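Chemist: This is the structure, below, for whatever I ask next.
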Amino acid sequence: MLKVNSRFWISGFTLAYVLLAVILPLLTPNQGQALAAEGETDNDTESYGTVIGIDLGTTYSCVGVMKNGKVEILANDQGNRITPSYVAFTPEERLIGDAAKNQASSNVENTVFDIKRLIGLKYNDKMVQKEIKHLPYKIDKKDGKPVVKVEFNDETKTFSPEEISGMILTKMKSIAEEYMGKKITHAVVTVPAYFNDAQRQATKDAGTIAGLNVLRIVNEPTAAAIAYGLDKTEGEKQIIVYDLGGGTFDVSLLSIEGGVFEVLATAGDTHLGGEDFDFKVVRYLSSVFKKKHNIDISGNSKAISKLKRETEKAKRTLSSQMSTRIEIDSFVDGIDFSETLSRAKFEELNIESFKKTLKPVQQVLKDAGFKKSDVDDIVLVGGSTRIPKVQELLEKFFDGKKASKGINPDEAVAYGAAVQAGVLSGEEGVHDIVLLDVNPLTLGIETTGGVMTTLINRNTAIPTKKSQIFSTAADNQPTVLIQVFEGERALAKDNNKLGKFELTSIPPAPRGVPQIEVTFSLDANGILKVEAMDKGTGKSESITITNDKGRLSKEDIDRMVEEAEKYAEQDSELKAKIESRNSLENYAHMLKGQVKDESENGLGSKLNDDDKETLDDAIKETLEFIEDNYDSATSEEFEEQKQKLIDVASPITSKLYGGGAGGADEAQFGDDDSDDEFVHDEL
């Protein structure tokens, strides 16, 4: 146990030194950062190539890149600028993004979402235990950490939250590579302001698994402030960033002046967002269904998944309409689901959660010593800020001040991350942006009596380095135990323990005589290094808070990187096969529909019985081939079957149009272009 050394002597020289130490940092921060930026540009950034900015969200993710001084938010292969943070596993393939979410209701136990709620946490953590009750997929315990258990490639597999997050990052990376036409290796990734060190480390590990060097972890509200502040640099502004996303809620108070962004205070709730609003509506609609049909769906994960999907759509609709109808065909036991949900009912179900978001707003104002009237702007970030009641409550809290809506709330964080990425890669036009971030929780060590002694206060600008002198608690004490904690409680045991280490071989001396200097170094990513040095002997020990907090080992990361590459190869091989199969199946069904069309202009009305029978037989044979060889046939075999069907159909359709329209008919019934829309649905 340590005790704080209370004996201080300040000589004239020491006082002068202290004054210099205080004055110099005040005089030179901008000069120092400018020099660092120049050094980076000259020596390091060439090796980075293009650096991308990724908003790795709980429910949706988004990627941006700075090109020629302008940020581009990139669309995925479905044309969407936000991608669901979903990963699904089937007997033959892995799906990520829209394709994974679209099949969730039919593959409930093997579709993984909300993984951000688990990353960097221990299995026994209260939050993990709470999540396990709600998540439809299986969570197991491995080495004290949660892992996802799924069926994939006809075997049971377990994946860590870092691996699943790595798969989502791989998707975002591939979106950027498709756009840029080159390989991407470096990124800036955002996290909630309230993520602790373990969660930040785990996010970096996920980037490594995805083949990305994560140059910087940036707080989401800070990234949003960058997006907001680029064109508003005249004078000083105090801004509240109110970030209500799908799974997390963060509030930050920032000061923006002359391109300098300083986070003054942060607060939030790691388990509050749009999905929680959805859950309350799902619970309500489930009870309504039970009353009407006497069927309890609470244990039916497939039904809950269907209802959850439709509830999310309804919630979005209610942001612009007063009511909407939720309809699901064959919901349970062949019974259709049909209910009207009004905006008023949605607000009634969630009003307590909406009001709960105001507490962190009060907290950041209190932490920074600000009044409501000191706030110049309110910035809305996250899709859930589109909810009218949320905006109304927030504006009422600020005595009628209107929230700024100049940023697309879904894209603001990725935009800011892309700007920071541009800074790190040396992009023109962004070199004058300075980012001052803060640590979200107080950091300290346990001293005599179990007290939490603070070294770095909550909301201290980072990077930072703080030292303090401690001493021994007993005579001739040879060893001191340094136990590192994060949190706001007075006693160390009530806070989150980050790690521990010992400083040994302290020479015998009365208690209070040895001088043990403990130094906390917190880097720009919020990663902590703690060092203890015996000033008498010069001996020191240190720890970087990683494995003691559940971070993956290097061996684990290397293994996961290899597996990620292997899965990428499998994905590539399967993609060609699936596209060929889908192309054949869609063509056969399209042709079947044409043959059955007996309308005046339909193909069926123009065919004689023999030709119709020939086509029916060929289509039936094709569909049977698909059914019998769904998993076993190769891409080439599916393509051969399609050509066989085209060879049967083309002469018949050509004959109908006198042979002159053969090309048109072949395009209609045979060309790949005719069913591209089906091939890329990935259903």
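Each Cβ is built from the backbone N, Cα and C atoms, and glycine gets one as well.
According to Swiss-Prot, the record shows the following:
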- 57-60, Lys116, 246-248, 312-319, 383-386: ATP binding site (BINDING)
- 668-683: compositional bias 'Acidic residues' (COMPBIAS)
- 419-519: region 'Substrate-binding (SBD)' (REGION)
- 680-683: motif 'Prevents secretion from ER' (MOTIF)
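I'd like to know what surrounds each of these features in this structure.
Modeler: Counting only same-chain residues at least 6 apart in sequence, those with a Cβ under 8 Å from the Cβ of Ser319 (ATP binding site) are Arg386, Ile387, Pro388. Secondary structure at Ser319 (ATP binding site), as computed by DSSP, is coil.
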Chemist: Do you know the DSSP helix, strand and coil residue counts for the region 'Substrate-binding (SBD)' (419-519)?
Modeler: 12 helix, 47 strand, 42 coil
Chemist: Which residue among the binding-site residues Lys313, Arg316 has the fewest other Cβ atoms within 10 Å of its Cβ, if you could check?
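Modeler: Output over binding-site residues Lys313, Arg316: least Cβ neighbours within 10 Å is Lys313.
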Chemist: Which residues in the same chain, at least 6 apart in sequence, have a Cβ under 8 Å from the Cβ of Thr385 (ATP binding site)?
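Modeler: Those within reach of Thr385 (ATP binding site), by Cβ under 8 Å and sequence separation of 6 or more, are Tyr242, Asp243, Leu244, Gln391, Ala403, Pro409.
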Chemist: On a simple 10 Å Cβ count over all chains shown, which one of the binding-site residues Gly57, Gly247 is most densely packed?
Modeler: Gly57
Chemist: What number of additional C-beta atoms lies within 10 angstroms of the C-beta atom of Tyr60 (ATP binding site)?
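Modeler: Taking all protein chains shown, Tyr60 (ATP binding site) has 23 Cβ neighbours within 10 Å.
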Chemist: Taking the region 'Substrate-binding (SBD)' (419-519) alone, what is its mean pLDDT?
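Modeler: The average pLDDT of the model in the region 'Substrate-binding (SBD)' (419-519) works out to 84.
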